[in-house]
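Per TrEMBL, [4Fe-4S] cluster binding site is recorded for A:649, A:655, A:689, A:693. The siroheme binding site annotation in TrEMBL covers A:693. Sequence annotations record features per position, and here TrEMBL assigns domain 'FAD/NAD(P)-binding' to A:7-303. Positions annotated as domain 'NADH-rubredoxin oxidoreductase C-terminal' by TrEMBL: A:325-384. The domain 'Nitrite/Sulfite reductase ferredoxin-like' feature in TrEMBL is assigned to A:568-630. The domain 'Nitrite/sulphite reductase 4Fe-4S' annotation in TrEMBL covers A:640-765.
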Ligand code: SRM
Ligand SMILES: Cc1cc2nc3c(=O)[nH]c(=O)nc-3n(C[C@H](O)[C@H](O)[C@H](O)COP(=O)(O)OP(=O)(O)OC[C@H]3O[C@@H](n4cnc5c(N)ncnc54)[C@H](O)[C@@H]3O)c2cc1C
Ligand code: SF4
Ligand code: FES
């Protein structure tokens, strides 16, 4: 680090503090400053906006905003779990429990804390808040002993907390002081609709309730007593009654403060002491606190300019306030608020309202007195028009002749605002302040796909709310530049995998030859290639399930499928018989041992609860398999893109904690779905209780027993990019569980790309988990039965591929080392290690 | 593809296997003795048209390449997927998926790597190789 460097200290390693560091590094500030960051939390900065995902599968690491060594790698000292306790402005030092550290410039990025109303009893054990990872850990722990939960506060965060409690299987209620939910964002009509929707989800809503005190309960741990002496009991209480700026450091060092808190800053993010800046939720600008991350990021940018001004002598942009428009999905309910949504800050404003009590949708437009501009909007139940309205609002676009057409349901010719109608200045991503012009600029300098644009502009890497809009802008602009957005599978087919799948099903095409004849690209040979052939083989198998070793299908398969074994690095194969659920009789174990002994196979227990026999020569496979088949084994499809294993724990049959027969269910599932060819391999897990010994939450399909049935998790992944599965449905009985898995899997088979695991598919699925739940659980597309029927076809046509091949001399002909010579491949050389053979 | 589609046999040709041993649009392995010693070869068979196994009088294509994959150092080439890239028939190694041109053994991913090839053809139902 530069000896001349000034000392810059940043207090707070939250979202905005981290963004500031990113900006500083990007702008080369480390050449001028030696930077130290203090964070009171033990975790490095993480994505607080997506905090709730901590309960649905993400962990601290995946929420973190940087890699673990990123600060150090950039020469920045990050001191976590070390709070600054005072600022000594006279000495130019900050104070922590470990000592005093001098600064030349200081930035306050301390954020805010959840406000807990000073009600008697609000400090009881089990009264918690919802702001940090540690808070969530505390809630999770408390929930283990609890069956009921209450959230105090029916605002945005309160509803998010309520959703989390529901996800932890608590009977949940929300208590709000105001007459309606989300009083800041919605009016009474919208609030009423929101209440109906949320109550329909089984969350109780109590409005106009002021809690007087909290005391011991009768049926639950706590009893809340309200102003009218009504009571509500719960085992766990989460306060979400607003946030307050963490401004005590500033207050104690006599910086200028707002009347109701917050550190006053100017347009350059400077506090009343020019050596000190403030950014994020702790800062008060023009008498406002901004409780969202986008304005905080803008402040971070301005603060960077301010900190660099002495060196680059550039004035930079100033902070001019920020738009507080929000779009969210709370407990699956869309809520959107834009600008002056209540219409009470714009003199002469006029309102259009549309309410559909059947579909439970409410839309409201607030327009300027002359009817030309949109000044605000409110949406409950459907955010479909949010992006369009936001563009009218933030870019001051002229409203159409009939503004109401923007909120009326699909009237013919209702104007939609395509990406081409947006001006260059239109903000596409407000979190990272990326305009349409910025996006066009990256496209003009060579970016040619969405991923690159995201990487270069950071658009859509904040709250993610702009993802759909960004995608349409990028695709539109690429097309305008004559770049065909190419979704072709390979040079032989100008279709996606999904497109080919539909063609195969609709036209009933049963061979690769017919498919490439009718729908392939005319090339001299039209043979296909190693990309389209296995993909089509998989589609044909998912649809018709004819044996892959049939003559028409054989040339399509990867070597593993052709020989129904996994090729190893020396050209030999491994043999993995199915061991459903990992349960195996001693007799069968003996057979595996005998066979391995006889053919001198290396033997290993796999990570999938079965036994792999390695080192079989091509010509040995039929003999090995006929012995295994005789002993009652069947193929394990270890070679196929299809169901691998259903991992199980021992469950209620032995384990003192098991609440359901997890082995039984695992075996049932494994037998049901074995042989289902899919875009990529599929792995399941079934655990007998929440201790989760089968690691079901790391699988494509995870099933965890509850007292009442099964919880279903989907789209988990181990491997290269681990992903926690998401809770999909709860307390299912056996039949419903299987019905949902049938539908889920077939929907995946139909729509995923080639070699796309469920996790990646899910991440690319527009509409996300909610959409998936609508399709699979609520059957919104009306295809549920069809998916089930299709699955039944696959199940009914299942046959063990090895059993099918073993009696067919035609099929076995290929299992010869050489067509004209019976000697084994002399180049396969093995050596002994730990008592077994391995490739030399 | 004149060498590979040869139909006229000379005296140096030796019989290899029967036409029925071939797998349409795919490969099989064979063992031959050459002047330089024994060799493991991969025979690929492409009946004309992707879906019409060649009639006896039908033109079809046969290719013989090294069975040895120099990248994996294993004898596996015959077990790769046959396809065409830019109109040229190729085989993809089953281990690390490099493509080799059937006509001359050239590896498409690495100019320096080329598999040996041998003239191969049909005499009646007999597959013949010149080695
Ligand atoms: C044998 C086994 C390792 C072992 O000795 O335990 C194994 C071996 C292979 N794995 Fe695996 N995986 C094995 C369990 C796993 C697991 C653990 C599990 O299933 O619980 C994982 C992580 C879980 C997951 O998939 O989500 C795993 C993640 C992978 C991946 C990465 C997948 C991903 O989505 O990131 C690959 C590569 C791929 O599929 O593209 C892979 C690929 C492979 C291949 C097929 C690589 C190859 O092309 O040669 C290996 C050959 C298998 C063979 O020859 O039989 N294997 N592999 C395990 C077989 C389990 C079984 O009984 O079928
Ligand atoms: C559940 C939840 C959901 C949200 N959803 C959204 C959303 O959808 N959209 C949106 O825009 N915003 C959302 N927010 C708000 C958003 O997270 C905040 O606006 C943002 O985190 C503010 O960033 P910040 O850096 O100012 O504060 P923070 O992220 O709170 O960071 C401040 C950090 O400073 C530390 N600190 C405080 N005092 C000290 C000290 N003396 N010494 C050292 N460290 C200190 C704190 O421990 C904290 O880690 C959500 C917030 C929550 C809790
Ligand atoms: S998950 Fe539960 S039931 Fe299964 S073995 Fe572990 S503790 Fe026992
Ligand atoms: S608006 Fe939040 S990521 Fe783009």
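Glycine too: its Cβ is placed from the backbone N, Cα and C atoms.
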The domain 'NADH-rubredoxin oxidoreductase C-terminal' (A:325-384) vs the domain 'Nitrite/Sulfite reductase ferredoxin-like' (A:568-630): 3 or more CB pairs under 8 Å: no
Arithmetic mean of per-residue pLDDT over the domain 'Nitrite/Sulfite reductase ferredoxin-like' (A:568-630): 96
Other CB atoms, at most 10 A from the CB of residue A:693 ([4Fe-4S] cluster binding site): 18
Site with most surrounding Cβ atoms, counting all protein chains shown within 10 Å, from the binding-site residues A:649, A:689: A:649
Under 8 Å by Cβ from residue A:655 ([4Fe-4S] cluster binding site), counting only residues of that chain that are 6 or more apart: A:649, A:688, A:689
8 Å Cβ shell about A:649, A:655, A:689, A:693 centroid, [4Fe-4S] cluster site members excluded: A:650, A:651, A:657, A:658, A:662, A:687, A:688, A:691, A:692, A:694
For the domain 'Nitrite/Sulfite reductase ferredoxin-like' (A:568-630), residues assigned helix / strand / coil by DSSP: 29 helix, 14 strand, 20 coil
Counts of helix, strand and coil residues, the domain 'Nitrite/sulphite reductase 4Fe-4S' (A:640-765), according to DSSP: 43 helix, 35 strand, 48 coil
